[in-house]
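Copied over from Swiss-Prot:
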- 120-137: compositional bias 'Low complexity' (COMPBIAS)
- 162-175: compositional bias 'Basic and acidic residues' (COMPBIAS)
- 165-228: domain 'bZIP' (DOMAIN)
- 117-185: region 'Disordered' (REGION)
- 167-187: region 'Basic motif' (REGION)
- 193-228: region 'Leucine-zipper' (REGION)
Amino acid sequence: MSCRAMVSPPSRTARAGAVLASSPFVTSQPTEELLREFETVYGAVELTHLTPPQSPPGPATQLLLSYAQQAQCTALAPPAPLAPPQEAWQIVAPVPVNQLPEGYECDLDAVEELVRHRASQLASPQHSSSSANASPRSSPPPSPRSSSTDEDWSAPSRLKTRPVDDRRSRKKEQNKNAATRYRQKKKAEVEVLLKEEQTLRQRHTELGEKCSDLQREIRYLKALMRDLFKAKGLIK
């Protein structure tokens, strides 16, 4: 938008100033200040409106322009008459169905279909819950196929628990056998030691008897030699 479209000519400015001055709602001092600001802004715009396109004015210039336009509009606009109380509330006439667009009926049909679908979905859980409550009373006896399938489903769990039990029982049996072998080994060692002790005791008794016999023979020989030496006169 060009600067000339945004700003009115000087004759319109003078006319706006006269209206602002004659308006009973605006005091003289603010009107003079507004006119002064408007003239400065208009002079700045007139100096630059023949130049090639340039950057937009700064925020201060935009603020002055908007403030001047608002003041001019409020001064030129006549006061709005007060509406009578009877016309304050107006009844809006309903739009006939024939004047509705074609797509609106399709939307209504789609909404009704969605409502019916939702109502059927809400009613189906109640039906399923009632049938579930009534099913235990009239439930048929379990068939052999279902029992076989239950056994098939429970078989893997049993197979999983069996190896653990078998491993534990095998471990206990191994420990028991190892303890039995250890006791048997110790018992055999004790028996061997007892036999060796018995043989050693027998050997000891035999050696003791031989020792006593030898001592007795030595005493007997000593006595004979003494008698012999006495007989020869070698010993007094």
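From the backbone N, Cα and C atoms, a Cβ is placed for every residue, glycine too.
Under DSSP, the residues of the domain 'bZIP' (165-228) split into helix, strand and coil as follows: 64 helix, 0 strand, 0 coil. Beyond the region 'Leucine-zipper' (193-228), the same-chain residues lying 6 or more positions past its ends with a Cβ under 8 Å from any Cβ of the stretch are 235. Regional average pLDDT for the domain 'bZIP' (165-228) in the model is 93.
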